[in-house]
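**Q** One structure, as structure tokens, below. Some questions next.
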Amino acid sequence: MWAPEEDYKQPLLTNSRVANNGNNNNSNGRGGSSSPSTRLQPEHSSRKCNDILFTILFLLVIGGMAAISGIAYTKGDPSRLVPNAPNIPSIPGFNTNTTSSENPIEQYFVSHLESLVAELKRDKDILIYSVLLAIALGAAWIQLLKSFTRFFIYFTLCVGVALVATLGGLFMALGHKEGSESTMIVGGCIIICTLVLVVVIVYLRKSIDLTCAMFTETCRGVQRSPSVFVIASLVVLFFIGFIAYWTSSFIYLFSIPGSTVNPLNDHTSSEANSTDSEQEQSAFNTKIRNLMYFMIFGFFWASSFISAVFQHCVAGVVSNWYFSRDPTGKSLVGQENAYRSLGRALSTSFGSLAFGSLLIAFIEFMAFMLRVCKNSNATNKLVVMVVSCLQCILGCIESIVRWINKFGYIYVAMHGHSFCTSTKECFDLISRNMFNAVIMDFIGGLVLLLGKILGSAASALFTTALLYGMGKSLNPITIALSAIFAFCIFNLFTHIVGIGTDTIFVCYLEDLETNKDGNLYISPDLHELLQDKCNECKEKEQKNQSKV
């Protein structure tokens, strides 16, 4: 995808710097002493299968989902879910024999939807062109991000702020023209958000240089292994296939004859004088509900595991590239780097990834059960308030666990340790080097988000111009789908860059502890910026302690 880069030939650290810092190294610590011609790599344990218990549990859950799917496909009847089907039971108080022709509103929406779908079929070629354009823009975006990092990041920030300000101005003008106060209020809120965004960017201007260097280093590592994009695409396609399988299984399970009551609604109750058949029906519905809960939990675990495999692959690619460079900056890693990382994720690190994803799945399942409880007790305001508070707390816990898992997966990819060991050692590494505050200063997330928005807007504009130039009607569904596809494609690119940036950060800390600030693997510009940032954090800490 990319030609070999000339910027790899630059030396990572000058000999004078190595000579000055080489005397400060001693035999204490993990790396020992290092000479200008010798660079030590972090200690790697022999890779072996870890967290085997969670591997077995995950495979059992997948096997259980397959067994339930077999039962659902055998006994399910999705035609029962179609309105006005002859075998669907009638609901008291509703006339199920009413046709759509007797309802003019329904007839209007159905006919309008049919026309939109027909236009969408006619515009399928334009959708294909927009997807190809989004892929090309994503590849160009990464190349620009590496070659013109500072300019491109500032350009992205300025364009993003300008777009938000323009949107606010349009809402204000539209509200003034139509005399709508609500529209003007929305425009005012958007303009206020724009001002807040400008203040945040000005406050974090010192971190922009650090972000530029981090992104440059990440793009170098990613471009040395373009196969990571192939692996990422395969993971996404596998996830889409899994969603299709799970959705069809769930529909068939929901449509098993006898499950006339919504299994996800706990309102079901029986009369005191119910017959034996009604009791059997209630018991059958309980079984269906429990199977559905199992399928939902399995979906959360499997989807979290797929995401963990993706993060492991990217982290393995970037970390392997980081520690495989020679003193001139060249690396011997190639196309097989990503495939080896995927192989480790599906073999020795399988249990560790299953363990980390299980934590996320359990939290997501608890959040789902809280939503079911909230819907079942919608009339009880006290229960709704308590459940809403629990949902807020659980959401905060989920964000923290996801943040912890991210670094745990990176360390698993680097060393092959178990999940708990990797997470503990990674955060010990961060705390020992006083860099935990640096992560919060990065504005990379904002840049990546604006990049996704710009990519989606460019694809939508391209589709609109193409439809207009070909004399076709501007189908809103076609334009919206092109923007959605572009957002998903850019999300894939930016997700790779985001994980790679976090991996570079952890690799630098490991590099610094191993080589003791002498003859490091990292490029000199990023090393200087990180050292300056570390000194700033230490100065702030000393000032705070002196005030206390």
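Keep in mind that glycine also has a Cβ here, set from the backbone N, Cα and C atoms.
Reproduced below are the annotations present in Swiss-Prot:
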CARBOHYD  Asn25  N-linked glycosylation site
CARBOHYD  Asn97  N-linked glycosylation site
CARBOHYD  Asn273  N-linked glycosylation site
CARBOHYD  Asn377  N-linked glycosylation site
CARBOHYD  Asn544  N-linked glycosylation site
REGION    1-44  region 'Disordered'
TRANSMEM  52-72  transmembrane segment
TRANSMEM  125-145  transmembrane segment
TRANSMEM  151-171  transmembrane segment
TRANSMEM  184-204  transmembrane segment
TRANSMEM  226-246  transmembrane segment
TRANSMEM  290-310  transmembrane segment
TRANSMEM  350-370  transmembrane segment
TRANSMEM  381-401  transmembrane segment
TRANSMEM  442-462  transmembrane segment
TRANSMEM  479-499  transmembrane segment
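So that I understand the layout, could you describe where these features sit and how close they are to other parts?
**A** Counting only same-chain residues six or more apart in sequence, the Cβ atoms lying under 8 angstroms from the Cβ of Asn377 (N-linked glycosylation site) belong to Val383, Val384, Val387.
Long-range contacts of the transmembrane segment (151-171) within its own chain (CB-CB distance under 8 A, at least 6 residues past either end) are made by residues 144-145, 183-184, 186-191, 193-194, 197-198, 201, 208, 211-212, 215, 446-447, 450-451, 453-454, 457.
Residues 157, 160-161, 164-165, 167-176, 441, 443 of the same chain lie 6 or more positions beyond the ends of the transmembrane segment (184-204) yet place their CB under 8 Å from a CB of it.
With a threshold of 8 Å between CB atoms, the same-chain residues lying at least 6 positions outside the transmembrane segment (381-401) that come near it are 359-360, 363-364, 366-367, 370-371, 373-374.
Same-chain neighbours of the transmembrane segment (442-462): 129-130, 133-134, 137-138, 141, 153, 156-157, 159-160, 163, 201, 204, 207-208, 210-211, 214-215, 479-480, 482-487, 489-491, 494, 497-498, 501, counting only residues six or more beyond its ends whose CB sits under 8 Å from a CB of the stretch.
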**Q** So, do the transmembrane segment (290-310) and the transmembrane segment (52-72) meet, by the test of 3 or more Cβ pairs under 8 Å (sequence gap 6 or more)?
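**A** Contact criterion met.
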**Q** Is the transmembrane segment (479-499) in contact with the transmembrane segment (125-145), using three or more Cβ pairs under 8 angstroms as the rule and ignoring pairs under 6 apart in sequence?
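**A** Yes; at least 3 Cβ pairs under 8 Å.
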**Q** Within the same chain, where does the transmembrane segment (52-72) have neighbours whose Cβ lies under 8 angstroms from its own Cβ atoms, ignoring anything closer than 6 residues to its ends? I mean 6 or more beyond.
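**A** For the transmembrane segment (52-72), the far contacts come to 245-246, 249-250, 252-253, 256, 291, 294-295, 297-298, 301-302, 305, 350-352, 354-355, 358.
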**Q** Per DSSP, Asn377 (N-linked glycosylation site) is which: helix, strand or coil?
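**A** In the DSSP reduction, Asn377 (N-linked glycosylation site) maps to coil.
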